[in-house]
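What TrEMBL lists as domain 'Partial AB-hydrolase lipase' is 2-59. Annotation source TrEMBL lists active site, nucleophile at 134. Here TrEMBL flags 307, 341 as active site, charge relay system.
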């Protein structure tokens with residue numbers, strides 16, 4: 001919120017409590033720096049991915065997605081999914097309690113997204129454009145599959161940046177480590193409280209000591225992200241490295257990681273696999289698939305050439321699983337070959353390559369889907 005104020009934009013804070021007791025914060029930029037407050041603006045909910053928060057949409061200065069949307073005449077709402085630094089409270093549980101972390105992106109989709117959208121539609125009395133990045137898109141699909149009628153009433157259209165659903169065709173070293181996960185999963189639960197990278201004062205102090213102030217230190221601290229999400233040195237902004245190192249690292253729930261690993265292993269987009277408990281939880285021995293053919297809202301996909309997770313095959317499989325009437329647009333390929341998964345929130349030229357394109361899409365379709 002301080003970053004938003006520092007750039008001269010108005011900010012409003014809202015909290016909403018999900019049906020299962022998680023307290024979420026949303027930040028609203030109701031209008032641009034110089035715009036009139038009287039003008040009716042279309043609301044846009046922007047949702048972050050794994051291990052980050054809404055900070056990623058304000059962290060690269062005036063070309064950040066939130067400011068680009070605001071300057072273009074939109075009422076911008078920044079979501080923070082449960083467990084991230086601005087949504088780490090619960091009515092009855094401490095976030096140091098492992099029971100707090102008993103969720104994956106399934107709960108993001110069935111609890112967090114509807115709570116956020118209910119708040120926005122209640123306040124604005126309008127349908128919402130939804131922009132999901134990475135896991136933010138995953139949660140969106142789950143919300144649509146589980147509540148298709150409600151989604152049709154609350155969402156005008158969606159933009160999926162580097163969308164994650166099917167993960168059969170990933171192109172990253174992580175796929176070679178997936179078989180090892182089953183060996184270390186229980187140990188990871190034992191030595192944590194169900195999450196890693198929680199932004200406690202100790203975590204922030206230790207990270208600053210380990211990762212600052214020298215560029216080589218910073219690069220070393222970002223190397224896991226490069227390993228998972230790809231690296232594009234040509235789009236790196238050295239002066240922003242300290243911001244990425246200190247601000248963009250956020251808590252990751254072990255159950256969320258485990259759910260993603262299951263998708264990689266099976267190549268299917270399914271609910272969480274509880275093993276022997278599946279019969280009790282789902283009434284069947286294997287977890288049910290998320291049936292994307294239930295989605296009714298129009299979708300626009302954006303992918304990158306070098307994205308190791310939202311690869312061409314993975315994104316196309318998601319796209320083709322949607323009903324034909326919900327994909328009236330071709331998949332947009334970012335016009336820069338080295339572009340990777342992380343570049344959607346970090347690249348030097350991301351405004352020109354992606355964000356301006358999103359604004360054009362929203363402007364063109366503002367009155368099309370009512």
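Sequential numbering from 1, following the chain as shown.
Using the three backbone atoms N, Cα and C, a Cβ is placed for every residue, glycine included.
Applying an 8 A CB threshold to same-chain residues 6+ apart, the list for residue 307 (active site, charge relay system) reads 162, 230, 339, 340, 341. Annotation for residue 134 (active site, nucleophile): spatial neighbours 48, 49, 50, 161, 162, 163, 164, 309, 310, 341, 344, criterion Cβ-Cβ under 8 Å with sequence separation of six or more. For residue 341 (active site, charge relay system), the Cβ neighbour count at a 10 Å cut-off comes to 27, with all displayed protein chains included. DSSP states for the domain 'Partial AB-hydrolase lipase' (2-59), grouped as helix (H, G, I), strand (E, B) and coil, give 9 helix, 19 strand, 30 coil.
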